[in-house]
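Visitor: I'd like to ask you about the structure that follows.
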Amino acid sequence: MGRTLAEKVWDDHVVRRAEGEPDLLFIDLHLLHEVTSPQAFDGLRQAGRQVRRLDLTIATEDHNTPTLDIDKPIADPVSRAQLETLRKNCADFGVRLHPLGDVEQGVVHVVGPQLGLTQPGTTVVCGDSHTSTHGAFGALAFGIGTSQVEHVLATQTLPLARPKTMAITVEGELPDEVTAKDLILAIIARIGTGGGQGYILEYRGPAIEKLSMEARMTICNMSIEAGARAGMIAPDATTFDYLRGRDHAPEGEDWDAAVAYWKTLRSDDDAVFDAEVVIDAAELAPFVTWGTNPGQGAPLSASVPDPASYEDASERHAAEKALEYMGLTAGQPLREINVDTVFVGSCTNGRIEDLRNAASVLDGRKVADGVRMLVVPGSVRVALQAVAEGLDKVFTEAGAEWRHAGCSMCLGMNPDQLAPGERSASTSNRNFEGRQGKGGRTHLVSPQVAAATAVLGRLASPADLSDTRTPAGVR
Amino acid sequence: MEAFTTHTGRAVPLRRSNVDTDQIIPAHWLKKVTRDGFEDGLFEAWRKDENFVLNRPERQGASVLVAGPDFGTGSSREHAVWALQNFGFKAVISSRFADIFRGNSLKNGLLTVVLEQPVVDALWELTEADPTAEVTVDLEARQVRAEGVTADFELDENARWRLLNGLDDISLTLQNEADIAAYEAARSAFKPRTITA
């Protein structure tokens, strides 16, 4: 019987397999950041252990970093202490670190791929649930807790029970206005926040094959929001083209050997998935969330659902709680929801293509009065590229704030937060209560919907903007 | 890791589904660099409401959390487990846990027990009607017991053995160091490296 992509990558990394035990899996790449690593380094110290493979380990600073005044000392002493702890740990143990101010600094899941470290058929871990992002390259990539971070630092392996596999096949072609973000939000709404639990998802089908690497990363990034630890897409010419020439991509004979291996990383025709979901791309539309978990979403053209319409008692209760927290009423059209803040950025939608997409909508338009729009590039490299293309000017001329790279308002560990009761349209990945600031209300959206929403001050798609652009030459 | 054999304590019924890790411990608490001192951050936003179940006088000292489905979704933060333990919880019962949270809990000796929703419902009804009712989580027998409730639960033998003995995963893995070295020696030359010699 054939094997799935996930099974092939898994099998290639088994260090030890024994009856009644989890497989011991080798880890090809370990990404570190300041939040989930300090206790792991402490554990190493207490046990007198070293980092086993410094050459497979890399760190950056992202969760706490400010996006303004990065040349000045960090105002929050607790954030500063956490960054200083990472710097000390990396220096003590010899780990390569890209700190704030370094040209390779940025959100860890943006940095790995752009350096060419994320490659097909590798195992990638990080103490961050959005490590699933790297699955876009056909890597088996998943978030781990701090105990596991320590385990990987010490052994370069993890004992893991093999998950089941689920195929998510997206047939047809995405309509013009529909993005990867809309697609993944629709998938999560369909299978639920627990639907992928225990599975590695494999996104496949014609609509997936046509996506760019950036779009594939957006999809795989949010696998965790469906409960799946990992999501994967089989590598193809798009993947190889993205990798060729990057800092850590193989060269010469190594490149040829790598590509030959990478081409084998496809689910066999006779492979059997434990579960299968089929989505018709043609039926999709711009999608937004209305609730407090990423599965509580609907097409932008819909209205806030009535909790009474849910048959399942637990879902009904969750919807009631969500509407109460979000300050929404059943039946309210989603397009009539006003926002205070628009956030473009994060490991979900902070890459160059995302910024281009948002800028293309904002070009020649203005952010609505009373609306604050933050654009936070995913990495310094993304920021430099955006500046080279003049995107920063498009944003600032529209009235948006152009910031430095980091996780920023996705989780508000730095000063970029919502005030209580404030409402955002955000290109990030979680609309949990208080995620973007205590009492803040989050609607998850694509970069295009974020930009259109900024212009109108209410949830909107670019199609709603027909007459808001200042004629060329006038702006 | 702290060993877990059996625990009996009063319960906190938490009638909520999709309790994400941002609710269990908000992000601003994640700036701490220790594994302790997270108890005041546990469910911080909800605890501002004096009627929240954890604030009720009759729940003080309770050590078993009985929650709705999909407990622990979201972020990989192990701080969520530490916060529950720092507060005094020894076990969490739910019909479904998020994968990463579950893995983290078992690595720290916080027993996460999966029971069918009707059993969770029964535990909710029992402990809401009688806050002094005790719940026993018995890992040796893989069974949860309370007045009118006896329910077996599953936990794979390997995880159970590690918990019962409070074993250190890293030490166990390093017993197989020779296997790791052999694997490393056979890895392809084209695999990426963060540091080039």
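Cβ coordinates are placed from backbone N, Cα and C, and glycine is handled just like the others.
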Visitor: Please identify which of A:C220, A:C347 is recorded by TrEMBL as part of the [4Fe-4S] cluster site containing A:C407, A:C410.
Guide: A:C347
Visitor: Near A:C410 ([4Fe-4S] cluster binding site), how many other Cβ atoms are within 10 Å of its Cβ?
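Guide: Here the count is 29.
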Visitor: By a 10 A CB contact count over all chains shown, which of the binding-site residues listed here is most packed: A:C347, A:C407?
Guide: A:C407
Visitor: Taking DSSP as the reference, which of helix, strand or coil describes A:C347 ([4Fe-4S] cluster binding site)?
Guide: helix
Visitor: Check the DSSP secondary structure of A:C410 ([4Fe-4S] cluster binding site), expressed as helix, strand or coil.
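Guide: Reduced to three states, the DSSP call for A:C410 ([4Fe-4S] cluster binding site) is helix.
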Visitor: Write out, in the order they occur in the sequence, the residues of the chain not among A:C347, A:C407, A:C410 that have a C-beta within 8 Å of the mean position of the C-beta atoms of the recorded [4Fe-4S] cluster site.
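Guide: So the additional residues around the site are A:D62, A:H63, A:V107, A:H109, A:H130, A:G345, A:S346, A:T348, A:G350, A:G378, A:G406, A:S408, A:L411, A:S428, A:N429.
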